[in-house]
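J.: Can you read through this structure? Questions will come right after.
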Amino acid sequence: MASKDVEEGVEGPICWICREEVGNEGIHPCACTGELDVVHPQCLSTWLTVSRNTACQMCRVIYRTRTQWRSRLNLWPEMERQEIFELFLLMSVVVAGLVGVALCTWTLLVILTAPAGTFSPGAVLGFLCFFGFYQIFIVFAFGGICRVSGTVRALYAANNTRVTVLPYRRPRRPTANEDNIELTVLVGPAGGTDEEPTDESSEGDVASGDKERDGSSGDEPDGGPNDRAGLRGTARTDLCAPTKKPVRKNHPKNNG
């Protein structure tokens, strides 16, 4: 009831962690809107330090954070019973593993360096079985060590680090100029393109040139269509006729 009375008497945005008015100290840490839009940076930093989360549980946006180690480290932080048990289990497994590896190595060296007939085949087989089962135990214990060490490491980091939350940067939306981009065809280099004109286009150009020459005055010649065809043939023959090179009289080949 007291929290509801406080929320009803507050005007403006409310921090979703402490349920108090944010004021000018609030930040927008993620893409959430509405009641989860603004939060106190101190409240969110404390929550992230304890929970060791890196993203918002609602919008799944990763927080922009900066982690700093405290100047005075707390080597033995306050822990619950389960955490104390996990720490004790971790230390016991590590000590047992080191002692077992040392004993197995020492026994193996003794067997290898002992003279022939010192140990019976049964004793050697028993040692090998014990060593194999012990290695299996070490493998499974190593998995438990990794799991417990992760919990202990998170607890140690939560008590000796400070997380600072930075404001959220919303993705930049494209502007109107970027949406209305038009593609333009680039013109080739000066001097024309490499494509050759087709036969149809060349014939059309020749025909248009003939029409311009024949119909410039607007009147047909006296000879009629046959004369025009003859003129076109003559013009084409003159244009296509090869040019003769001048012959030099004083050239030695010509004199011979």
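The backbone N, Cα and C atoms fix where each Cβ goes, glycine too.
These numbers come from a predicted model, not from an experiment.
Swiss-Prot feature annotations, pasted as is:
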{"type": "BINDING", "residues": "Cys15, Cys18, His40, Cys43", "note": "Zn(2+) 1 binding site"}
{"type": "BINDING", "residues": "Cys30, Cys32, Cys56, Cys59", "note": "Zn(2+) 2 binding site"}
{"type": "COMPBIAS", "residues": "193-203", "note": "compositional bias 'Acidic residues'"}
{"type": "COMPBIAS", "residues": "245-256", "note": "compositional bias 'Basic residues'"}
{"type": "REGION", "residues": "179-256", "note": "region 'Disordered'"}
{"type": "TOPO_DOM", "residues": "1-83", "note": "topological domain 'Cytoplasmic'"}
{"type": "TOPO_DOM", "residues": "105-124", "note": "topological domain 'Extracellular'"}
{"type": "TOPO_DOM", "residues": "146-256", "note": "topological domain 'Cytoplasmic'"}
{"type": "TRANSMEM", "residues": "84-104", "note": "transmembrane segment"}
{"type": "TRANSMEM", "residues": "125-145", "note": "transmembrane segment"}
{"type": "ZN_FING", "residues": "7-66", "note": "zinc finger"}
J.: Please list residues from the chain of Cys56 (Zn(2+) 2 binding site) whose Cβ is under 8 angstroms from its Cβ, counting only those at least six apart in sequence.
T.: Pro29, Cys30, Ala31, Cys32, Tyr63
J.: Report the same-chain neighbours of Cys59 (Zn(2+) 2 binding site): residues 6+ apart in sequence with Cβ closer than 8 Å to its Cβ, ordered by sequence.
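T.: Result: Cys30, Ala31, Cys32.
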J.: Please name the residue among the binding-site residues Cys18, Cys30, Cys43 whose C-beta has the most neighbouring C-beta atoms within 10 angstroms.
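T.: Most Cβ neighbours within 10 Å: Cys30.
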J.: Average pLDDT across the topological domain 'Cytoplasmic' (1-83)?
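T.: Over the topological domain 'Cytoplasmic' (1-83), the predicted model scores a mean pLDDT of 76.
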J.: Using a 10 Å radius around its CB, how many other CB atoms surround His40 (Zn(2+) 1 binding site)?
T.: 21
J.: Let me spell it out: take the topological domain 'Extracellular' (105-124), skip the flanking residues so only those 6+ beyond its ends count, and list any with a Cβ under 8 Å from a Cβ in it.
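T.: For the topological domain 'Extracellular' (105-124), the nonlocal Cβ contacts are 131.
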J.: If you count other CB atoms within 10 A of each CB, which of Cys15, Cys32 wins among these binding-site residues?
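T.: Of Cys15, Cys32, the one with the most crowded Cβ is Cys15.
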J.: Which three-state DSSP class does Cys18 (Zn(2+) 1 binding site) fall into?
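T.: The three-state answer is coil.
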J.: Let me know the DSSP-derived helix, strand or coil state of Cys56 (Zn(2+) 2 binding site), please.
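T.: Going by the DSSP assignment, Cys56 (Zn(2+) 2 binding site) belongs to neither helix nor strand, so it counts as coil.
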J.: Around the Zn(2+) 1 site formed by Cys15, Cys18, His40, Cys43, which additional residues qualify by having Cβ within 8 Å of the site's Cβ center?
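T.: Here the non-site neighbours turn out to be Trp16, Ile17, Arg19, Glu20, Val22, Val39, Gln42, Leu44.
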